[in-house]
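Visitor: Sharing a structure with you now.
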Amino acid sequence: MAISTVLNFVYPPPPSVFTTAASVTIVASLAIVGLSEARGVHLQYSKFALAPNRKVPSRTGMLLFYSPAFLAGLASFLIFPDGDLRFLVLRSAISLHFFKRILEVLFIHKFSGRMGMNSMVVISLIYFLSTVSLIYSQHLSQGLPEPPVGLLYPGIALFLIGITGNLYHHILLSKLRKEGEGEYKIPKGGLFGWVICPHYLFEVIDFVGISFISQSVFSCSWTLATFFYLLGRSYASRRWYASKFEDFPGDVKALIPFIF
């Protein structure tokens, strides 16, 4: 009964060991990483970049986070020149997602420090392999009957809301300090009055949109994994701000307004 209900919303899982393993691995690994973040063991970037050595400049590291995944998205148009509307929209959305992140690194974010090389490699690999798995899983769904409940157009709407909200709050963060300044401030404006990481909230919405566009098992797994990780990272961020600023407002949540 439960499986038949789920299959109203997603394509049947393809008979692929690779995509099945990728779906399980991404959820398990990012859930563990998110729990580690909440417990105080952080990936070494942004305010948590405390590794004593083997560091790279933050701007360089961020570019290496996103560039391989973006190139994988672009390459998919050459590798899979044919495909239905859903496949075209999915590849366009994931490529735009990472292209936007690269533009933010180049023109919006302010950087003052460095990040751990190991964290840079791990995050870059996760983004790249997840993008490849997403596109390949969608390729395997070509020619299958559409799920009874079509979510393509709601997915496009959610993706656009997510990517726009994420960009807006990144711009607000960038205005808090000048290039090279290392001092953090309590963010204000937008949804920062409700949650300390609204840019994470909109990134989750972005990925929910992508999973609606795709309607594949792997896309849902990646979205769930992203939520688990950002849940832990936002909890750690709120705890960090509360420890650094005596005037941090106690009613500001971590990720979900009024809830968490």
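Note that Cβ sites are derived from N, Cα and C of the backbone, with glycine treated the same way.
Bear in mind that TrEMBL entries carry predicted annotations, made automatically and left uncurated.
Per TrEMBL, the feature transmembrane segment maps to 16-35, 63-81, 120-139, 151-173, 208-231. Summarising the annotation, TrEMBL assigns domain '3-oxo-5-alpha-steroid 4-dehydrogenase C-terminal' to 153-260.
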Visitor: From the DSSP assignment alone, can you count helix, strand and coil residues within the domain '3-oxo-5-alpha-steroid 4-dehydrogenase C-terminal' (153-260)?
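Guide: Summed over the domain '3-oxo-5-alpha-steroid 4-dehydrogenase C-terminal' (153-260), the classes give 71 helix, 2 strand, 35 coil.
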Visitor: Residue list, the transmembrane segment (63-81) vs rest of chain: Cβ under 8 Å, 6 or more residues beyond ends.
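Guide: Apart from its flanks, the transmembrane segment (63-81) reaches 56, 87, 91, 94-95, 98-99, 101-102, 105-106, 120, 123-124, 127-128, 130-132, 135, 139.
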Visitor: Going along the chain, which residues at least six beyond the ends of the transmembrane segment (120-139) come within the CB cut-off of under 8 Å?
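Guide: Long-range Cβ neighbours of the transmembrane segment (120-139): 14, 16, 18-19, 22-23, 26, 29-30, 43, 45, 56, 61, 64-66, 68-69, 72-73, 76, 80, 83, 86-87, 90-91, 94, 98, 210, 214, 216-219, 222.
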Visitor: Could you please provide the mean pLDDT value for the domain '3-oxo-5-alpha-steroid 4-dehydrogenase C-terminal' (153-260)?
Guide: 95
